[in-house]
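Per TrEMBL, the features are:
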{"type": "TRANSMEM", "residues": "14-34", "note": "transmembrane segment"}
{"type": "TRANSMEM", "residues": "78-96", "note": "transmembrane segment"}
{"type": "TRANSMEM", "residues": "103-121", "note": "transmembrane segment"}
{"type": "TRANSMEM", "residues": "133-152", "note": "transmembrane segment"}
{"type": "TRANSMEM", "residues": "164-185", "note": "transmembrane segment"}
{"type": "TRANSMEM", "residues": "191-212", "note": "transmembrane segment"}
Amino acid sequence: MDILGDLLAPYSSVIAKCVCTVTCLHYMSGAFLLNEIRKVGCSDGFPPDPFLGGVVLTVLSCKLGTLMGDEAMVKVNMFGFCINVIFTLTHFWYASGTFKMKIWTKIGVAAVFTITCLAYANFEDPYKIEFRFGMLITGLLIYLVGMPLLELDAIINRKTTDGLSLPMTLAGAVVSAAWVIYAISIKNSMLTYQNALLLILSSIQLSLFAIYPNTISLMDKNPSLLFLEQKRSNKKTSNPSKDIHNKKFN
């Protein structure tokens, strides 16, 4: 790895710009999930965790970038913070009244967790904080990226990857690979192993898309949408003129 790092080191600034671009595009991939929510007309069937987790992650990553003196990391995560806030608000807008209360609870938990982590960073030993804070972010990343794998049994039993987003998963794999290359170029072992693990998790999820198709329709995701569609079908099949004719003769 040291040899590869020596080869990439002269190009680290160029690699950093490429990584920033790819990461910003990855943050935008959440728009695909919002488009699904728009089609359904309700976000109740879609947990806000990816967006809330993105807000928390970008705040903590900005702090880590500051500790490391990495300007590229700070800039890209500031952009990611703004995007994830917008996505979270949009998700909240499409939620029902009952589900909005659950989202408020999750927002409170996320805020407390973030404030606690930032406070810890201010009191930790300066010689240990970069590694320990990086490990904290690694744990959060593993949770966010690996969360869909908690439903692995359900995916295998139903033989469908419904609930997973192919664009977001693919984008995550590309971003992780890009950060691995950048981490090697600046010879940061923590960033290298962190993103290599995320790349493995994303690759496992991508393999599921190759094995199982996404076959469940939007109707199955939202029962209320199915009810409305059935109601429309009943109106189409009924014949109003025939009903009036029968009333006259009765």
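Note that Cβ sites are derived from N, Cα and C of the backbone, with glycine treated the same way.
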Beyond the flanks of the transmembrane segment (14-34) by at least 6 residues, Cβ under 8 Å: 8, 46, 50-51, 54, 72, 75-76, 79-80, 83-84, 87, 90-91, 165, 167-168, 171-172, 174-175, 178-179, 181-182, 185
Positions on the same chain near the transmembrane segment (191-212), where near means CB under 8 A and six or more residues out: 1, 134, 137-138, 141-142, 145-146, 148-149, 152, 155-156, 159-161, 164, 166, 169-170, 172-173, 176-177, 179-180, 182-184
